Amino acid sequence: MEGRGARTPLLECGEYHPHKTVTPRCCFWLASHVNVRKCVAGVMLLSVLTIFFYTYYVTAPLTSLVWRDRVPRPLSQCSLLASQQQARDHRSDARLRIDAKVLVIAESLYSRLGRDIAELLVANRIRYKVEVAGKSLPVLTTLDKGRYGVIVFESLSKYANMDKWNRELLDKYCREYSVGVVGFATPGEETLVGAQLKGFPLFMHTNLRLKDASLNPASPVLRLARAGETAWGPLPGDHWTVFRPNSSTYEPVAWASRENEYGANEDHIPLATVMQDHGRLDGVQRVLFGAGLQFWLHRLLFLDALSYLSHGQLSLSLDRWILVDIDDIFVGERGTRLHEEDVSALMASQVALQRLVPGFRFNLGFSAKYYHHGTALENRGDDSLLKNREHFSWFCHMWNHQQPHLYNNVSQLESEMMLNKQFAMEHGIPTNSCYSVSPHHSGVYPVHEPLYEAWRKVWDVKVTSTEEYPHLRPARLRRGFKHRGVMVLPRQTCGLFTHTLLLERYPGGRERLDKSIQGGELFQTVINNPINIFMTHMSNYGNDRLALYTFESVVKFLRCWTNVRLASAPPLALAEKYFQLRPDELNPLWGNPCDDARHRRIWSKSKWCDTLPKILVIGPQKTGSTALYTFLAMHPILVPNQPSPTTYEELQFFNNNNYMKGLDWYLNFFPPNQSNASQITFEKSATYFDGDLVPRRAHALLPNAKIITILISPSKRAYSWYQHIRSHGDPVANNYTFHTIISANDSAPKQLRDLRNRCLNPGKYSHYLERWLSEYNSHQFHIIDGSLLRSEPAIIMNTLQKFLKIPHIDYHKLLKYDAKKGFFCQAVNEKTKCLGKSKGRVYPPMEDRSAKFLKRYYTPHNTALSKLLVRLGRPVPQWLKDELSNG
């Protein structure tokens, strides 16, 4: 056994070996034949070596029993590394009439390949829509524009065997809009030999086991993928399909060999596993795959196929930026920390990586309290890091590596950070990176406001990173956001880092790591993310130095197989690049920390989230939402949010600047009620109904909430809203008549057009309901007939109680009609308590021409609403029937 603490075999008398120990018995024999002084000197030397061995190895923990010169060597350079190929540009000068979106025709919603396709599209932020294969095609055009740039068929067989009508329709669409098709040959029970693909001069062999894949360097499809190498070894799966063409329209993109073929390479017959159809026969270009996406090379080729077939509209940038953080410098148990030679190896690896990744520097995060807390050798390693500090980039951790969410006081956090800053200044560590990372991601997300405030005051932090937003898993869904002026970048974690000893202890450990590097998780992470911030720890760079092996190897593998352009930059520059690429991610998407056990652990104990509303009344405006709010508040178990000083009962959190104030701001309106744990909180904001971002934001925070909306005649709603803003002194409404506003065309002044849209758009009920129903299930949704809410509120409220599943109370006893107001109010001792003067105003009748205009305008929207209600199994209100009647 090699390593610290290994036993050395003993010698018998008469044996000789330069690396084996002499036994005492042998020493006596030598004493009678050799000079006694030499024997004594040998024993003394042996004793010194034994002491050294014990001090250096045996006293170290088990996890460090690894020779430091037994580190794995990075993967060797590929043969074409020095002469990287020029990546193709798939962009076309032609004027395209297609949307940069992918249509995926899946066999079912749960098929493995369909999920793999969707996950890859999501990871690369490519817009897509999934349709299950059926008797008819989905709608492919909008006016004179194609809805999709590429159509992907999960099953090549189903594509080839489409009925004649649908096939002709699809081919016509592809030719007219220059849209390409991707198809995958799926495994089948029947093995086909030389079977012709229906309708194509192309023959297939199925259910093969293949090995040794390579790419066609002449293929115009290749852009991200780079030809010239061979992926040696068996390919995953035993259901491969290969293609044999009988027309010049086909050109192989990738080849492989039969797994049972042995002998010289020149004797192997290359079999086409990915085939390009140039469209010379029917005008439709295609890329056909002989297997799914389990093979890593197919993932590259699929992205290239989308780029090629969409004429560059779905091309991914080839630029990839890499930053490697080394967290917990000076933090670590004895035996796991860096020695001087580890620091030297770190610098040597950095030089090697700089040749391949311009601008690369390891980024070291330090917690100074643990400086010189190791063994004597490890303390010299700490000194070596500081001595060579100018070779690295640095960022601040917490002084004692404590989690910030455990501090509720900003001043406490500031004092901790100042200790770290003072250490940095004393030892010449630069403090101007504007970057920091919180231990265990604490306080970054879920947001702990004191952390952001202390960061800004002490370190002028403008950038941080986390793997927690919006959730730890799956990694492909991680996003960036900006909060309190700090840009939060998504972070990648090299979860496979461990010591070689542990890799050898668990079967397949080393193979798992190499698989991750050679086309697996780590390789795909860089491919799918333009900016990669890898979180590693100091212990990954000591002992076996596995992190150095990993990063050098994956960078070389990327250079071997792809045309990506690798580079690095400081965190602030990377953050600016990231949000230039992803401007839609600047706004955060708050989730509920109580829904995630990991998030609960890194959220302050002083916070709460169990009181968040379980009911949302979303409007729209001028439909009776304030009256409904009042009626709900009468129920003893229902508790509204506390009033806002600016918007009264409406918080308007999800659809305006209040959302940027964060979750803490919202929670303050729903304080815990210690006296009645059974109470249910609710919120009403009538502006939620037609807010563009509201459904997604609301679902992220309140995925299980019950949603209540009120619908009245959209014509009456529009007129009521106009009169409402007139009464509040809106200058545009006071200067223009109702008819002038609703009939304004697109050449009208902007302020008039804006008012027209605010007046008319909320009445397009079906459009906004569909948006809400894309986030919430229909069983979470309750639609109230606003005209009945006004005329028979008790019946409406009794039905609503059943939907909410709350104890029943009789609203007939709680509500009373007020003749002066003209609507029902709260009954109080034979009297009524009604809403304020602004409610129940009597407006002049709407002009006949305006009523006719609005009926024509809303007819298509009302028709869509009627169909939606029928589809949902909801009753069609009488006002809607009247709106759609011919009378």
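Residue numbering: from 1, along the chain as shown.
Yeah, the Cβs are placed from backbone N, Cα and C, and that goes for glycine too.
Matching TrEMBL disulfide entries to the candidates CYS759, CYS834 identifies the partner of CYS825 as CYS834.
Put plainly, the recorded positions CYS825, CYS834, VAL842 were compared by Cβ crowding within 10 Å, and the winner is CYS825. Comparing CA positions across the recorded positions LYS622, CYS825, CYS834, the one lying closest to TYR843 (3'-phosphoadenylyl sulfate binding site) turns out to be LYS622.
The recorded positions recorded for this entry are CYS825, CYS834, VAL842, and the Cα of VAL842 lies nearest to that of LYS622 (active site, for sulfotransferase activity). Regional average pLDDT for the domain 'Sulfotransferase' (613-859) in the model is 92. You'll find the Cα of SER720 (3'-phosphoadenylyl sulfate binding site) roughly 19 Å from the Cα of CYS834 (disulfide bond).
Across the structure, CYS825 (disulfide bond) and VAL842 (3'-phosphoadenylyl sulfate binding site) place their CA atoms 17 angstrom apart.
Distance from the CA of VAL842 (3'-phosphoadenylyl sulfate binding site) to the CA of CYS834 (disulfide bond) is 16 Å. Across the recorded positions listed here (LYS622, SER720, TYR843), the residue whose Cβ sits among the most other Cβ atoms within 10 Å is LYS622.
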